[in-house]
Amino acid sequence: MTEKRKTYQITRRGFVAGSAAAAGIVGFPGVLRAQAAPVKIGLVHPVTGFLQFNGTQCRFGAVEAIKEINASGGIKSLGGAQLEAVLGDAQSKPEIGASEVEKFNEAGVSCIVGAYASGISMSTTQVAAKYGIPHVVDVGVTDKIVERGLDNVFRFGPGYGVITKVGVERFIAMNDAAGKPVKSIMIVHEDSTPFGGGTAALLEEGLTAAGFSVTKVGHPTPHRDFSNIVLQIKSANPDVVIPSSYPNEYELLVRTMQQQRVQPKGIYSVLGGSGSSYKFLAEYPEACQYIMDCNHWYNPKSAGAMALRKISEAAGVHFTYEVFLAYSAVKLVADAMEQAASADRKKIIDALAASNWSDHIMPYGPTKFVNGQNQGAQPLNLQYQGQEIEVIAPADYATSKAVFPRPA
Amino acid sequence: MDACANLTGHGCGIILASIINGTMTGAVYALVALGLTLIYGVLHIINFAHGTLLMLAMYGVFFLNQIVGVDPYMAMPVILVAAFLFGYGLQRYVIGKTSHGRDEITLLVTLGVSIVIENLALFFFTANERNIRVPYELAGIDLGVTYLLVTQMAAFGAALLITATLWMFMSASDTGRAIRAVAKERQGARLVGINVEHIFALSFGIGTACVGAAAALLAPRFAISPRIGYTFVLIAFTVVVLGGMGSFVGALVGGFIIGIAESVGGLFLGESLGQITISLIFILILLLRPSGLFGEKLR
């Protein structure tokens, strides 16, 4: 179950090759001894357990960023120091995530990136704070992550407070533009982690204040069967359904709605696990058509983002938000190290706090942290249209217009 | 508002639909529980590898579908045979050899086997969830209150058929009688010439074949991942205890009871809190009838 750190066995051939290399180093001390020591970066994600898909996606993005940085010469202000990933598996449990950070500290990491889920990120950041290790949260959306006064914690992407506020505003604008066809809304949310319940509460507050009739129904994660929930949707007959669930449950809900012939005027999710997923689009193109989602997304006009998408697809990995957020988090850390010209934890924290990094693939503008939260971070509104996921808002990044209400 | 709505807050239609859905889900639980109860009935061990074997069989169905293009239901005979051979070999050459006849070691070995298989699956198949698309995935009958899918009805029918087949096999065949003899009195069976090790492996193989059948029936409905086994096997343990350890009819009835309780509990208490109905049934059964509903009647 536990992700084991790699160990290397010395073979006869390896020994001979190593001896030759050692002899070379002795012979050419001036050349090779100048090579800077690698900088260790801890990557903690839930690569086993019920979040294993998401964690594995995050790890892919983070490792890809490290490969890219190393291939382009490492951290130049540190003499071309290479980044060395120390991998940790949170096993989808906060307490295991915390113990992985303890191991990272022993291993001497300069920085940590992780830990996908809000609950796990809460515990990993807490332990990292104890040792003064800078910790960049890649995905965890609970706002409490950056509201505890921990100066070592940074989040590049938006939290659910911002995402929900923006999601509600854009929904109202879209509904108004369509002639206000929506009066009633049902929120279907997971309630096993802080993400689902927290997002649903904020959505309910925002939508009720805007005059919509809102009902909520929760479900655990993982969940096997959405028949009951779909029966309740069928019975309540809301104009719009808002799912706030992890990918597997999201897909199961949408598929069950399709199987039970339940078709509201729209499915509009905020942070929907598969509300904007190339995997879902590839597997169930007809079930996901016209679903809208307010979620993390890359800048569709960024060449870097498109290049990363190609790399992911070539590796057989779906280009989900986990991939580009974890990738961006590692790139942010590398930029901070570059600015700090140091692998010292405190100096990296100072560099992150002062960061104005703009050479990234996200639709955020230059980075500016206030209490660890990147102020420019924003979600995009997306919609499955045909074989593509189109950006439908805001206008600066839009690649298509929203189709709403959903055609029968 | 109908009478049910006045009494319960939910209309009669939605309650009836919930019971129907629960029955269909219960059939799935029964399918998974059948193999588990057979293995317990003969070997007297809780097979912790049961969920992992289900996962492995589901991957088998998936790859047969993706590579050879075989429909999951058509793949059932192949998966049944493969699962039987795998289970037979696992018991005969791994679990049997390492446990030295001690139940507690057997239990730990099955746990170890499950961890190894799950991690191998994670390594080779990755954490990606895989789905099988079938042309009939949306086909079904409109009952008015709910839409009954072909895939649900297939699992329901198969649960009944497999239970009846196993019951007849155990009651009427020589091998079935030998299995029952070993289950009742191991040493006595050995004394009359029954090859106990072979019967152990045979029972484990049949139990695993049941899992193979369940895999073929579940694959068109559920996303396949290295964790999928856990989704069903924990419930299956409850079903086995409820129905009576070693009882096929108990597994079937227990599956339906748990499925309906979970579904109706979810409707009235919410999907998360509704899960406690399963635990409550489990505790009540242990308190009031530890042998389960059919524990004494069928072996």
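Glycine is treated like the rest: Cβ placed from N, Cα and C.
Beyond the ends of the transmembrane segment (B:12-32), by six or more residues, the same chain brings 2-5, 50, 54, 143-146, 148, 152-153, 155-156, 158-160, 162-163, 210-211, 213-214, 217-218, 232-233, 235-236, 239, 251-252, 254-264, 266-267 to within a C-beta distance below 8 angstroms of the stretch. Annotation source TrEMBL lists transmembrane segment at B:12-32 (among others).
Feature annotation from TrEMBL assigns transmembrane segment to B:38-62 (among others). Beyond the transmembrane segment (B:38-62), the same-chain residues lying 6 or more positions past its ends with a Cβ under 8 Å from any Cβ of the stretch are 32, 72, 75, 78-79, 82-83, 86-87, 90-91, 103, 106-107, 110-111, 113-114, 117-118, 121, 125, 130, 132, 166, 179, 182-183, 199-200, 203-204, 206-208, 210-212, 214-216, 218-219, 222, 224-234, 236-237, 240, 245-248, 299.
What TrEMBL lists as transmembrane segment is B:74-93 (among others).
Taken from TrEMBL, the feature transmembrane segment applies to B:105-125 (among others).
Feature annotation from TrEMBL assigns transmembrane segment to B:145-170 (among others).
Residues or ranges marked as transmembrane segment in TrEMBL: B:199-219 (among others).
What TrEMBL records for B:231-261 (among others) is transmembrane segment. Packing against the transmembrane segment (B:231-261) from elsewhere in the chain are residues 19, 22-34, 36-38, 40-42, 46, 50-51, 54, 159-160, 163, 166-167, 170, 183, 214, 218, 222, 277-279, 281-282, 285-286, 291-299: each is 6 or more residues past its ends and has a CB under 8 Å from a CB in it.
Marked as transmembrane segment by TrEMBL: B:267-288 (among others).
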Using a Cβ-Cβ cut-off of under 8 Å, list the residues of the same chain that are 6+ residues beyond the ends of the transmembrane segment (B:199-219) and lie near it.
-> 28, 31-32, 34-36, 38-39, 41-43, 47, 50, 53-54, 57-58, 60-62, 65, 72-73, 75-76, 79-92, 95-96, 132, 151, 154-155, 158, 162, 166, 175, 178-179, 182, 189, 232
